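For Arg28, Glu86, Lys125, Lys453, the entry in Swiss-Prot reads (6S)-5-formyl-5,6,7,8-tetrahydrofolate binding site, with the evidence type sequence analysis. The annotation K(+) binding site is assigned in Swiss-Prot to Asn231, Thr250, Ile252, Thr255. Look at Swiss-Prot and you will find 231-236, 250-256, 276-279 tagged as GTP binding site, backed by sequence analysis. The Mg(2+) binding site annotation in Swiss-Prot covers Ser235, Thr256. Here Swiss-Prot flags 221-375 as domain 'TrmE-type G'.
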Amino acid sequence: MINKIMKKYETIYALATAPYNSAIHVIRLSGPDAFEIINKICDKQITKEGYRIQNARIVDNDQIIDDVLLMKFVAPKSFTGEDSIEINCHGGLFVINKIMALLNKHGAHLARRGEFSKRSYINKKIDLNQATAIHDLIFAKNNLSHSASIKALSGEFSKDIKNIQQEIFRLIGLVEIAIDYPEYEDEKKELTEEFKNLTNIRQKLQRIVNKSLKLKQISEGIKIAIVGEPNAGKSSLLNALLNEQKAIVTNIPGTTRDTVEGQIVLNDELIINLIDTAGIRKSSDQIEQIGINKSFKTIDKSDLVIYLIDLNKYQNYDKTNIYKYLINKKKQFVLVGNKVDEVDPTLNTGEIQIKISAKNNDISDLIKYLEETSLAIFNDENKQDSIFQEEWQINLLQTALYNINLILNDPNQYHDLVIQHLNEANNSLLKVLSEYEDYNLIDEIFKNFCLGK
């Protein structure tokens with residue numbers, strides 16, 4: 001039960017900054033004995049005045065450990081809702097270890113991962129979505145993720161879900177009336193009208209789930225495979241995009257026998273996972289064929305495919321192999337002609353969408369295309385919709401959506417079944433809102449947080 005409400009009356013401490021030598025470190029101390037413990041290790045009386053900064057020396061008997069600044073927060077006006085002190089000390093690891101050893105000696109316990117945020121949740125300073133937003137904000141990799149984290153932290157997304165949950169809860173009441181008083185025709189008519197609103201709820205939830213899945217996809221990185229026949233310049237293109245010598249480049253066909261991966265960030269926002277694949281051709285070489293099979297599997301898992309063609313061989317490139325596979329699989333792909341510097345500018349290259357020279361780093365048109373196409377994956381319609389980034393949130397929203405679909409796909413089912421589906425949807429949304437406590441879920445969420453957070 002939330003780690004037995006986290007041994008509620010323990011006073012905890014942890015380093016809130018990264019554990020490296022630096023100019024300044026911050027050690028957090030929180031709990032009912034925070035001021036009593038800090039007074040045991042300081043050279044002067046630390047008064048219980050909130051929102052004040054006080055200078056003091058940390059001492060061990062008569063030995064001065066450090067000269068520090070103490071930021072004081074008195075319950076309930078603190079992040080955790082408890083008495084809290086943030087010790088701003090000098091940034092040597094020896095110093096922070098000495099201070100934390102003193103805190104431990106005088107009764108404070110080293111905090112578990114996410115324990116400060118968990119106490120904030122238990123003391124109703126934040127809800128689960130806001131707690132998760134703190135974690136997402138720390139690990140945000142792009143503007144989209146950062147913006148979603150800030151909005152979630154403000155409680156904006158929780159309000160959206162609360163509105164949907166209240167609509168479903170109201171429907172539960174109407175269905176229960178219809179079950180208890182089947183003779184009232186007016187109630188039946190009202191219920192029929194209200195079920196039309198359920199369609200709007202489904203559409204709203206579907207948009208939220210779709211946008212959340214897309215943001216998760218973008219945050220993890222859009223997968224782009226570079227495919228083509230041997231010696232088309234795939235490895236040279238990967239190296240040019242990464243601006244480093246990641247893949248081996250030779251004139252010998254079939255040099256790349258396994259996938260080679262690298263990551264770039266476009267516009268400080270779009271994470272692109274690039275995958276260079278083995279050249280695809282008919283081959284009797286058993287080892288090369290393994291690489292070719294892997295290339296096709298990489299295509300299957302990719303969000304976008306760069307089909308690279310050597311412009312020297314454009315007139316004879318084989319449409320029956322790679323091209324046909326991409327069409328059959330309905331993959332989004334772009335035809336890119338490489339080695340533009342080696343061919344006659346008047347060469348008819350009708351199907352080629354972009355021309356580059358990977359060897360000469362002339363790839364600006366391709367980069368522009370990748371930026372535009374990757375952004376298009378995240379459709380920015382309905383910007384006001386909430387976006388959730390964690391798997392547990394998305395899973396619960398999908399469960400609610402699934403149960404709403406069960407009702408709308410069979411509008412003539414018994415009211416008892418309708419009630420069951422509505423309750424499942426309602427409970428899922430209550431879990432998102434942290435109003436229906438699933439203690440195992442709560443422990444799992446905070447377990448993934450940083451120490452000191």
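Cβ coordinates come from backbone N, Cα and C, glycine included.
Across all of the domain 'TrmE-type G' (221-375), the predicted model scores a mean pLDDT of 77. DSSP classifies Ser235 (Mg(2+) binding site) as helix under the three-state reduction. Within the same chain, residues at least six positions away from Glu86 ((6S)-5-formyl-5,6,7,8-tetrahydrofolate binding site) with a Cβ under 8 Å of its Cβ are Ala16, Val26, Ile27, Arg28, Leu29, Leu70, Met71, Phe73. Taking the Cβ of Lys125 ((6S)-5-formyl-5,6,7,8-tetrahydrofolate binding site) as reference, residues of its chain lying under 8 Å away and at least six apart in sequence are, in sequence order, Pro76, Phe79, Thr80, Gly81.
When the binding-site residues Arg28, Lys234 are compared by the number of other CB atoms within 10 angstroms of each CB, Arg28 has the fewest. Asn231 (K(+) binding site) has a Cβ environment of 22 other Cβ atoms inside 10 Å. Every protein chain shown contributes to the tally, and the Cβ of Ser235 (Mg(2+) binding site) ends up with 23 other Cβ atoms within 10 Å.
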